[in-house]
Structure formats: structure tokens, C-alpha cells
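Visitor: First the structure, which I've put down as C-alpha cells, then a few questions once you've had a look.
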Amino acid sequence: MALLSQAGGSYTVVPSGVCSKAGTKAVVSGGVRNLDVLRMKEAFGSSYSRSLSTKSMLLHSVKRSKRGHQLIVAASPPTEEAVVATEPLTREDLIAYLASGCKTKDKYRIGTEHEKFGFEVNTLRPMKYDQIAELLNGIAERFEWEKVMEGDKIIGLKQGKQSISLEPGGQFELSGAPLETLHQTCAEVNSHLYQVKAVAEEMGIGFLGIGFQPKWRREDIPIMPKGRYDIMRNYMPKVGTLGLDMMLRTCTVQVNLDFSSEADMIRKFRAGLALQPIATALFANSPFTEGKPNGFLSMRSHIWTDTDKDRTGMLPFVFDDSFGFEQYVDYALDVPMYFAYRKNKYIDCTGMTFRQFLAGKLPCLPGELPSYNDWENHLTTIFPEVRLKRYLEMRGADGGPWRRLCALPAFWVGLLYDDDSLQAILDLTADWTPAEREMLRNKVPVTGLKTPFRDGLLKHVAEDVLKLAKDGLERRGYKEAGFLNAVDEVVRTGVTPAEKLLEMYNGEWGQSVDPVFEELLY
């Protein structure tokens, strides 16, 4: 879901020309003005972590006290004053902010995030908040994580550059540290699952790796005590029919990857969007709703098609010749806001735009101007299939068992971090039309790899793509290609994980979804 995703680390203006294409060099190299924090990048490094980000590190702006391993912050995000510009922000500053994500290739990292459903083993019911609080406290005390509080409620944990956070329906999320290899990424996932299981088992709690809540109704799901979610819950039904399901009943796995320049960002963005439906098919794992088959292989993916058209989708403008950081900023400026954060409170700004905010004409905060923190927060409320912040997020996959949590980043690292594979993907998809990309996005949640495409099936494209991913990993030289074994059989047979679940449901499970809680238990 990535509702909380916040860019980590601080940011800096890149030297002229490092992250630019013709026509934007001046903007990129000179966009951010009068920001003392820009020198802090070396001090803090870079992180993909979602919970506290830069803001929690800038001590002048966060009132906090430490007692043992408890980190008290006013709320999440901790403060609206974290990054203070001495002059009003301009559109050029916002462009430069995105451009500041450019890194040299030796600094490329892999940031993996995944969500899972906690449930009572005896009843299969979703975890309640008091159980989640007990679990978070237990993990903090046993494994030395810092607690993140909103008021007097524990809402997450932090340890180094990793964080654990709660999605609106109590989905438990690990936002991993930015790591160099997939071996490190998979070890991090396994360590996290071990820690969670060690505490949860004693409480009679299990965790389920699936893309959509298979058994319980929306009204059975507990709501987490986080201020921003109240605003979103009130707004969602106004803009789509499935937004509340997205918030409360979905789980995803995603990977965050770096780019070296604006041109490199564009190439990776286009490749990621074109192939996102293939990732959706390979990891499709949400065929049940309220105890029965729902007609989809990825209900989670389908839900995004009727959540909020203003902030979701396949972003056809990314394929325009004119696309770059500037065009993404213009898109984001006109995506309606959810909230601003002032004086430890969330202010409802739904339906208003950041463009109005930039002009000091936000009806919910008349005369006020935005900070970088406001911009960071706004970028996290945009939910396309690939999202740009100071890195790119691949957002098309369902949550699943641990092997697939390692396979998803492996798939994208092999394709996007290897120049030959990336070029091959761009060549392969160069003549795909916007209508074809949209068709795949809409049909794959129903028909998976059996979706007809041109003269064959999507399965045949996936075979070529998986080979490119493996080749890309081999060329990296870290012996990482084995992480793709979890999706080998899916591509070879054309049978998605969801179709295997449906086969068991109609066979040995006797048309009950209850066995899925054991089948996909972490």
C-alpha cells in the first residue's frame, strides 16, 4: 500500500549536469536555495525507510525524549517544520528535490518493503490494536528496536535504517534498510520474520502472506489509531468504490531502486510501468474475498483501478518525449491533497491541490506556504503502479510467502540495475501502445499470464523477461539469480500462485478458505 512511505535521508543539490537532461540543467543544479540541511546528506546517508525519514533526525524540530529504547515523537510524520527553507518554495525547488535522488552506480541500493496480515491462530480473526501494541512492545524489548509513538499509542518500531509500521487495517509492514545485494535483502526479511514469529507465537498470533484479506469483511477489520487515516477514510468513498478495501484489506511487496540521472530515471520508469502487469501476474496471490473466490487472481491489483483515478494508474505521460522530473512535479502538483500537518494535528485538505498550496491559496490553511516536509508527505499520497520520489518504487505485486518476498526485488534488480537487460526491455516494449499497456493493466488481475497479447499470451513475454532478469543478475556477479527460482515454475507453467490456491480451494480444502491461513503462514 505504501501509505506511509517517506523518503529517508536528507537531500542535496547535485552538481550541475549530474542529474539532468537538456533544458533542465539550470533547474536541477540551482533549484534548492538557502537550506542548511542540504549539507547533512553526508552526515545521515540515504535511506528508503518509510517511518521517520529525515524529519526525525533533525533534532531542532522534533520534540522527543528517549527512555530505554523508546523514541517518542509527536505523531507520524513527526513534525511539519523539519526542513525549513528561508524563502518560499518554488516549482523549481520541487523539481530539484526529485533530482537530488540521483546517485552514482556504486551507491545504488535495494530497499524492500512488505506487508502481512496478523491473525489470531485460534479464531483466524484479524489482530486488534491492543494485540498489535503488545506485539510491537515485545519485539522492541526482546530485539532492541526503538518504539515510535503517536501520542500515547505505539504505532511502529525503528532499528537503524529499518522500520516497522502499521497500515490502516493493522497490516504489519517491514520497510527494509537500503542494502547492496539481494542476499542482504533476503537475510533481512528472514531476520524480521523470525523476530515477529518469536513474539507472536507466544501470543497465539500468526501472520499470513497474501495480497487480499481472504475471509473477513471490511467491517471486521480494526482501524489503527493514526490521525491521517481518519481523513483518508472519509475521503475514499467520494472518489471510488474500493478505496476503503485498499486501506484495510490489501498487502503488497515492493522494491525501491535508484537512478543515476534524469535520463536513467526515465528509462527505468518506462520499463517499470510497461512490465508492471507481468510482475502483477507472476506474484498474483489474492483470489479470495469473504471466504469465496472473487473472480480475480489479483484482487489487490484490481482494487487500485477503482480507488481514486486522480492518484493511481499507468501514467501514460511518462512515455511522452517531454517527460522528466519537471513533468512529474506538474502531475503531482495537481493531484488532490489529503492533509497538511500543523501543530501536532492533521488538517483535512482533501480536494485541494499542492499547486494552490505553493501559491499560498490553500483553503484549509489560508495564507500558509508549504515546506519540503509537506511536499514529501504529499508525494507519499500518490499511488501509481510505479511511483517517483527520490527513487523509483515498483508497486504492482501482491504480498506472499517469504521466498516471493525475496524474488520480487530480484526480478526488478535484474531488469533495471543491468544496462543490457534494461535496454533489452526498452527495445521489447518500445512499440507497445498506451492502449495495450492499459489493457494489460486491467486484464492481468483477472487472467494472469493467460492474458492474450498480440499473437500469443502474456506468458510468452514473461518467459523472455524472466530470462533477461536472470541474465542481469548473473552479470551483477553476486550469485543472486537463485532468488528467481520462486517464480521459475510460474513462468514455465503459466499458472500463477492464485490459481494454485484456487485449485486447492476446489480440491483438498473442500471449498473453504480457512486452510489458506496455514498454507501461507509465515
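All residue numbers here begin at 1 and follow the chain in the order shown.
Using N, Cα and C of the backbone, Cβ positions are placed for all residues, glycine too.
Annotations per Swiss-Prot:
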DISULFID  Cys186-Cys406  disulfide bond
DISULFID  Cys349-Cys364  disulfide bond
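Give me the local environment of each listed feature.
Guide: The number of other CB atoms found within 10 A of the CB of Cys406 (disulfide bond), across every protein chain shown, is 26.
Long-range Cβ contacts of Cys364 (disulfide bond) within its own chain (separation 6+, distance under 8 Å): Ala340, Ile347, Asp348, Cys349, Met352. DSSP assigns Cys364 (disulfide bond) to coil in the three-state reduction, placing it in neither a helix nor a strand.
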Visitor: Look up Cys406 (disulfide bond) in the DSSP assignment and report helix, strand or coil.
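Guide: Where Cys406 (disulfide bond) sits, the three-state DSSP reduction gives helix.
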Visitor: Counting every protein chain present, what is the number of Cβ atoms, excluding its own, within 10 Å of the Cβ of Cys349 (disulfide bond)?
Guide: 23
Visitor: Look up Cys186 (disulfide bond) in the DSSP assignment and reduce it to helix, strand or coil.
Guide: helix
Visitor: Identify, in sequence order, the residues in the chain of Cys186 (disulfide bond) that are 6 or more apart from it along the sequence and have a CB within less than 8 Å of its CB; answer 'none' if there are none.
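Guide: Sequence-distant Cβ neighbours: Leu405, Cys406, Phe483.
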